[in-house]
Structures are given as C-alpha cells and as structure tokens.
Amino acid sequence: MGFITKAIPIVLAALSTVDGAKILEAGPHAETIPNKYIVVMKQDVSHEAFNAHATWVGNNFSRRPMRRGGSFKPMAGMQHKFSLGGTFKAYTGEFDEAMIKDISNHDDVDFIERDTVVKATAITQQDNVPSWGLARVGSKEAGGSTYYYDDTAGKGVTAYIIDTGIDIHHGDFGGRAKWGKNFVDKMDEDCNGHGSHVAGTVGGTKFGVAKGVNLVAVKVLDCEGSGSNSGVIMGMEWAMKEASGGGNSTAKAAGKSVMNMSLGGPRSEASNKAAKAIADAGIFMAVAAGNDNMDAQHSSPASEPSICTVAASSEDDSKADFSNYGAVVDIYAPGNEITSVKPGNGTDTLSGTSMASPHVCGLGAYLIGLGKEGGPGLCDTIKEMATDAIKNPGEGTTGKLIYNGSGK
C-alpha cells in the first residue's frame, strides 16, 4: 500500500512563453498524464471573466478537432472548472500542444501545469503489531500504554478524509462516517484500505484521536491508491464547499471542519494554491510530508505554508527513517507501525507520513470540540502545545511532537 509517486526533488521549470503565461513542467521523474493540463487563472480574474474565458476555450476547441496520438478517439477539451473561495480559479482539460499554446497566450491565464499522478503515503504493512500512537499523543513522555483524553472532544466537528474512501460500515466508526463524493471511479467503497485506516486514526472509537468526530469520505484515489492531481483538486473543491455550509461560505461552518490529505506528488503550484484557498476559507487542514527522506519543499501539497504539514515519528521519539523533513514541516506525529481500521471490520498496521497526518487532523478536531478556534491558526496552537521530543528531526526541521494537553 503506497503513497505518492516518489516526490523527487524537482524545480518547476518554465517552458514558455515570453508574453504569455508560463507552462510549467514537473520534471523528468514526475508521472504525467498525456495531454492533461491544469490551467490556473490570475487571482484578480472575476467570475464573469472566468466564464467568458471558458466559452472562448469551448468555441476555440470546437473549431479544431483534436485526437489523441495513435487513436481515433477525440480529446475531451475542458473537463472541470474549479473555484475555491475568491482566490483560486482554474480548470482541467485535455488539449494538444497548439491549443495549450493559445490558452497560455490568453491575458487571464496565470500559469499552466501538466496533470500528474498522485498516490497515497503509507509505505509498509505489518500485521498484529500493537499500536502506540494514541498513548503518545496523550502523554508528555514516551513508553506509555494509556491514551488520556476528554471523551467529549471532537463532537460537533466534521472531518473530511480526502483519500481512497472509507468503509463507513466498519464498527469502529459507530455510525459517524458517511460517504461524501467520488472523483476517481464508480465504486463508492474503499477498495484499497488506506482511507479507512486514516479515518480510523482521526476518529475511530477504538483507534481515533477524536472519538466523537463525524467523518466524510472524499474519494480521489483508486483501488491502487493512485489518482490525478486534477482529481485531487476536485475533491478539495467539493470538501471546501461542503465544509463552508454547502457552498455558502460561513466562518462558523468552516471553523467546525477539518481536512486530512495523506497523499501527495511532485511540487505543484496549482495544488498549493488550492490548499491555500482552503486555509483562507478558515478550514484546518493536515497533510502528509511524504515518505522519501528528503526535504518536503519538493512535494505538494506539503510545501504549502498555510496548511499543517506533518512528519512521522517512531516509538522511541526518533524521526521515522522514511519521513520527509525540512522547514515546511510544522509538527511531528506518530507514523511508524500504527494500527487502525481495515475494511471489513478488520484492523491493519501501517507506516508512513499518511499515518502521522491523521493524528494531527484528529487532534485539530479534538481541540475544536474543546472550544479552541478552528482554521489554519489551529496549527500554531498545536505547535504551542507540543513537546520538544524528536531526536535528530532533520536539517532545519522542528523537533516538536504533538500532545493533546491531557496533563499526563
């Protein structure tokens, strides 16, 4: 069970143009999707101008039939428009190089990225290993076997799990999990297990940090734990609108919501801008730093500074050997050999920053339930509460490990 295509250190390179928008390449090691692009508009473009641009693209596309290389099947053209808050407007589509060149020369376009493959971030699997992460979250010292917590914490809060789905019928969720939206296939189930494991750590009755939180499945990764960057952004857009009162943005609704993204890929300015729009809407988001033992600045959405980026620790309070690190990491959380939910009323033990991030998402829900203010500022609260525990956290990286403030 894996996460991410290895987020190799990549610097996005501008391929063109002098007068038009930059067309960004994710480098030779990124797994790009042929002819698929994400087009990001300038921040000051109005909704009316965005709609006019979409009409222009449609008219231009219809006048010039495009076919995929080696196939008689036509290209799709514009496929989905994104609008996250007032700051991020974009669309995804399938175009040939000539059409993309024309789009890049449009005055309203900021930049264009090739769409890339994104994967989940668990990296190892081991059966029947006792979990230690919960005890560590509720204690100032390592080595405990009891989780100390307030049993009302998390109630009234909703956690959106942007992942492979959730087995909503698993007994550990106690009826608090529901299906949200599927952006990757036609199976409204977790056929991979990654998302259910993550959700269990956020809010399972036995395995969860916030045992009263409501959980919503937002499926963006398939049975192999793989999806597209554009599909992930679709899930982010839907979750943001739901968290903000069904599209009618309200700070009160947003402040009672948290999100978890235990996934990622090579650095993507489009993904980072979408994540920032969610933070700007007043929603707390925890994301996995990545599992490549390198600087997380090269991964997205982990490299976006306005969200809470989580590295993984081991049971002895050392940095997990696979965990990414660097200045963009906000906090460490347990991520090595973590036991949680498996579809079919089972359990599984996994390792990865995928397992660390939901500890922080769950703690965010826990603290909101206790009356702490939600939104991106909650990451600062979590850092202030944390203990200086991590040994050798990595160059330029915080040594802070999450703690729920139980007093134990």
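Don't overthink the numbers, they just go from 1 along the chain as shown.
Each Cβ is built from the backbone N, Cα and C atoms, and glycine gets one as well.
Now, the feature entries from Swiss-Prot:
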- 1-20: signal peptide (SIGNAL)
- 36-119: domain 'Inhibitor I9' (DOMAIN)
- 131-408: domain 'Peptidase S8' (DOMAIN)
- ASP163: active site, charge relay system (ACT_SITE)
- HIS194: active site, charge relay system (ACT_SITE)
- ASN248: N-linked glycosylation site (CARBOHYD)
- ASN260: N-linked glycosylation site (CARBOHYD)
- ASN345: N-linked glycosylation site (CARBOHYD)
- SER354: active site, charge relay system (ACT_SITE)
- ASN404: N-linked glycosylation site (CARBOHYD)
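Taking the features listed in Swiss-Prot, we show where each one sits on the structure.
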{"residue": "ASP163", "record": "active site, charge relay system", "Cβ neighbours (10 Å)": "31"}
{"residue": "HIS194", "record": "active site, charge relay system", "Cβ neighbours (10 Å)": "28"}
{"residue": "ASN260", "record": "N-linked glycosylation site", "Cβ neighbours (10 Å)": "33"}
{"residue": "ASN345", "record": "N-linked glycosylation site", "Cβ neighbours (10 Å)": "11"}
{"residue": "SER354", "record": "active site, charge relay system", "Cβ neighbours (10 Å)": "36"}
{"residue": "ASN404", "record": "N-linked glycosylation site", "Cβ neighbours (10 Å)": "25"}
Cα within 10 Å of ASN260 (N-linked glycosylation site) - qualifying recorded positions among ASP163, HIS194, ASN345, ASN404: ASP163
Top Cα neighbour of ASN345 (N-linked glycosylation site) in the set of recorded positions ASP163, HIS194, SER354, ASN404: HIS194
Overall pLDDT of the domain 'Peptidase S8' (131-408), taken as the mean: 94
For SER354 (active site, charge relay system): DSSP state (helix, strand, coil): helix
Spatially closest candidate among ASP163, HIS194, SER354, the listed active-site residues, to ASN404 (N-linked glycosylation site) (Cα to Cα): SER354
Rounded Cα-Cα span from SER354 (active site, charge relay system) to HIS194 (active site, charge relay system), Å: 8
Distance from ASP163 (active site, charge relay system) back to SER354 (active site, charge relay system), taken between C-alpha atoms, in Å: 10
